[in-house]
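Participant: Okay, so TrEMBL annotates it like this:
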DOMAIN    110-224  domain 'Phosphatidic acid phosphatase type 2/haloperoxidase'
TRANSMEM  76-96  transmembrane segment
TRANSMEM  108-126  transmembrane segment
TRANSMEM  147-170  transmembrane segment
TRANSMEM  176-197  transmembrane segment
TRANSMEM  209-227  transmembrane segment
TRANSMEM  239-257  transmembrane segment
TRANSMEM  269-291  transmembrane segment
TRANSMEM  311-329  transmembrane segment
TRANSMEM  366-387  transmembrane segment
Amino acid sequence: MAELLRSLQDSQLVARFQRRCGLFPAPGEGLRENGADPAEGAAQAPGVGHPPAASRLQSAAVPQAYVQKYIVKNYFYYYLFRFSAALGQEVFYITFLPFTHWNIDPFLSRRLIIIWVLVMYIGQVAKDILKWPRPSSPPVVRLEKRVIAEYGMPSTHAMAATAIAFTFLISTMDRYQYPFVLRLMMAVVFSTLVCLSRLYTGMHTVLDVLGGVLITALLIVLTYPAWTFIDCLDSASPLLPVCVIVVPFFLCYNYPVSDYYSPTRADTTTILAAGAGVTIGFWINHFFQLASKPAESLPVIQSIPPLTTDVLVLGLTKFVVGIVLILLVRQLVQNLSLQVLYTWFKVVTRNKEARRRLEIEVPYKFVTYTSVGICATTFVPMLHRFLGLP
């Protein structure tokens with residue numbers, strides 16, 4: 001078993017997968033593998049200026065401020081896995097989850113968000129507790145810059161994709177009428193593409209990805225009996241908003257200390273704050289009767305309406321209106337909270353490094369994205385009704 005785990009953690013396994021998919025280090029990168037200076041390897045890489053289209057050289061950042069060159073020989077896999085990687089990033093969550101809430105089913109979006117928050121928090125904390133490194137480069141080609149400073153085990157992309165896909169599958173089984181095989185195929189394809197993209201981009205080992213999937217599967221099994229309780233949170237005690245704010249903020253402020261700065265704490269704060277904001281938003285809707293209450297006999301079997309031009313235009317209109325309002329609220333609250341914190345701690349406003357300080361980063365992120373969550377679940381639907389968007 002130990003030998004199997006070591007083999008699954010081997011960077012060479014990731015490198016072989018990249019080569020099979022047509023992703024290779026640039027010729028000069030071989031010098032680095034033999035111990036040459038990275039800068040020299042980059043300087044000696046031939047054809048960097050004007051390569052042919054079939055072997056165009058790309059750039060990826062590695063931790064040592066070194067621009068790694070690589071060659072793409074199969075652009076189908078390149079664009080497929082780059083797109084798949086985006087399905088596990090913020091751009092997907094900030095579009096798919098609000099779209100689900102505004103256009104498909106708030107009941108479904110609430111489950112997705114709460115399970116997503118739980119899974120991501122456990123995954124992020126596990127990274128900074130285990131402190132397992134990412135695949136070494138070389139031999140692996142790294143295509144992403146931002147998360148290089150984070151540790152590798154488990155893959156939170158794999159965890160989030162598995163959680164979103166299979167929570168969606170399970171939650172719609174008794175709520176919407178469409179073939180189970182289709183639901184299962186969609187969940188498997190979505191999660192598999194995101195998992196494979198983590199290998200293709202060189203950001204995780206096979207063990208990282210498998211660990212993320214297995215942890216998520218275990219969490220889904222353990223939490224499934226409590227999903228009905230989650231659906232009733234909006235009718236809980238009037239003290240719920242206090243608990244929803246205090247507990248996540250405490251977890252963020254006491255996040256495990258890393259050996260060096262990485263975006264993990266900031267990302268975790270963003271996720272927990274968004275989840276807190278959404279929960280408070282649902283509570284506000286229930287407490288002030290701003291939204292119609294679901295039928296008592298949930299789950300309700302519903303037929304999926306046909307996707308007509310009118311339905312598509314209405315959905316896109318509601319989405320654009322909602323995203324614009326969210327972005328405005330996000331920018332306003334972020335600027336205001338940073339200004340207050342800079343003044344309180346007597347920090348120079350233009351000092352961007354100050355944002356990384358614990359006493360500034362956690363409060364401003366938490367306030368900003370809690371506001372975003374409340375806005376998405378309460379004020380955006382109110383705006384939709386005001387504009388006559390059903």
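From the backbone N, Cα and C atoms, a Cβ is placed for every residue, glycine too.
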Participant: Using Cβ atoms and a strict cutoff of less than 8 Å, what residues sit near the transmembrane segment (366-387) while being 6 or more residues removed from its termini?
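Facilitator: Residues 98, 101-102, 106, 245, 248-249, 252, 269-270, 272-282, 284-285, 290-291, 318, 321-322, 325-326, 329-330, 333-334, 337.
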Participant: In the same chain, who gets a Cβ under 8 Å from the transmembrane segment (76-96) while lying at least 6 residues past its ends?
Facilitator: 21-23, 116, 143-144, 156-158, 160-161, 164, 190, 193-194, 196-198, 200-201, 270, 319, 323, 326
Participant: Can you tell me which parts of the same chain pack against the transmembrane segment (269-291), counting only residues 6+ beyond its ends and a CB-CB cutoff under 8 A?
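Facilitator: Result: 90, 106, 110, 113-114, 116-117, 120-121, 124, 233-236, 238, 240-241, 244-245, 248, 251-252, 255, 361-362, 365-378, 381-382.
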Participant: Under 8 Å, at least 3 Cβ pairs, sequence separation 6 or more: does that hold for the transmembrane segment (147-170) versus the transmembrane segment (209-227)?
Facilitator: yes
Participant: In the same chain, which residue numbers or ranges, 6 or more beyond the ends of the transmembrane segment (239-257), come under 8 angstroms Cβ to Cβ?
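Facilitator: Sequence-distant neighbours of the transmembrane segment (239-257): 121, 125, 128-129, 233, 264-265, 268-269, 272-273, 275-276, 279-280, 283, 358, 362, 365-366, 370.
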Participant: I'm a bit unsure how to read this: which one of 108-126, 176-197, 311-329 has the highest number of Cβ pairs shorter than 8 Å with the transmembrane segment (209-227)?
Facilitator: 108-126
Participant: Go through the chain and flag residues at least 6 beyond the ends of the transmembrane segment (176-197) whose CB is under 8 A from any CB in it; none is fine as an answer.
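Facilitator: Non-local partners: 80-82, 84-85, 87-88, 155, 157-158, 160-162, 164-166, 168-169, 209, 212-213, 301-304.
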Participant: When the pLDDT values for the domain 'Phosphatidic acid phosphatase type 2/haloperoxidase' (110-224) are averaged, what is the result?
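Facilitator: Here the mean pLDDT over the domain 'Phosphatidic acid phosphatase type 2/haloperoxidase' (110-224) amounts to 87.
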Participant: By DSSP, how many residues in the domain 'Phosphatidic acid phosphatase type 2/haloperoxidase' (110-224) are helix, how many strand, and how many coil?
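Facilitator: Going through the domain 'Phosphatidic acid phosphatase type 2/haloperoxidase' (110-224) residue by residue, I get 83 helix, 2 strand, 30 coil.
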